[in-house]
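Step one of this worksheet: look at the structure below.
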Amino acid sequence: MRAASGHPRAVEGLTPARVGQVLVAVAVVALMAAAVTAAAAVSAAIPDTGYLTRDPTSVGRVPWWAGSVSRLTNLAWASAATLAVVAGLVATPPRRRLLLLLGAFLAALTLDDTMMLHDAILPGRGIPEKLVVAAYAAAGLALAWLWWPLRRTASGLAFYFGAGMFAVSVAIDVLIAKAYVPEDATKLLGLLAWGLCAWWTFTDGLAALRSSARSGGASPAPDVSR
């Protein structure tokens, strides 16, 4: 494409950094396609691969609604973790570190809750469930200590409410047998609070950036006031 002057027009936004990102994305897609092709060829000779790839309700021949609350919780875990990481990317220190650490913590718990790591997989490999829970508790306490300076902000209050609800959920799981509804309800409330904590940080960071763009000033520290 040529501009009115006859000179070639540069593609808008196509910087060297973006070209590198595109090349990396293409390479990742190509590798994934090759991996899927190889996996399909190998799995053709293995019986019962559907147990790995199909939905548990189809494999287990149970009602469609079986495990629906668990799936909803998994979505909430993933959403809260994603929000925390994205908010951390637009925040400035020290909140950037706090949000990225929260995102990493939530991502680990997402993987654990989805794959039942501390319930089944790790104990089967000789790692006691209590040890895993203790490690999560230690990580949670460390996060709570790091967030303490923000305890009087809305984001900080949301963080501590989420941590409290998650602690209540764990306590119910340990102390009360088959109290599934209160356990899952408090867990979901905690995830909602953590998601709000990250969302408030994200939206306030965007508002600060837009305000700077309108004023024509230098890029601000997109930290939050909440």
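Including glycine, each Cβ sits where the backbone N, Cα and C put it.
Here's what TrEMBL has on this protein:
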- 21-46: transmembrane segment (TRANSMEM)
- 72-91: transmembrane segment (TRANSMEM)
- 98-118: transmembrane segment (TRANSMEM)
- 130-150: transmembrane segment (TRANSMEM)
- 157-176: transmembrane segment (TRANSMEM)
- 188-209: transmembrane segment (TRANSMEM)
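As a quick check, the transmembrane segment (188-209) and the transmembrane segment (21-46) miss the bar of 3 or more Cβ pairs under 8 A, pairs 6 or more apart, so the two do not touch. Note on the transmembrane segment (157-176): residues 102, 133, 137, 140, 143-144, 147, 150-151, 182-184, 186-187, 189-194, 196-197, 200 of its chain, located 6 or more positions outside it, place their CB under 8 angstroms from a CB of the stretch. Among the stretches 21-46, 98-118, 130-150, the one making the largest number of Cβ pairs under 8 Å with the transmembrane segment (72-91) is 98-118. Tertiary neighbourhood of the transmembrane segment (130-150): same-chain residues 94-95, 97-98, 101-102, 105, 108-109, 112, 117-118, 122, 156, 159-160, 163, 166-167, 170, selected by CB-CB distance under 8 Å and a gap of 6+ residues from either end.
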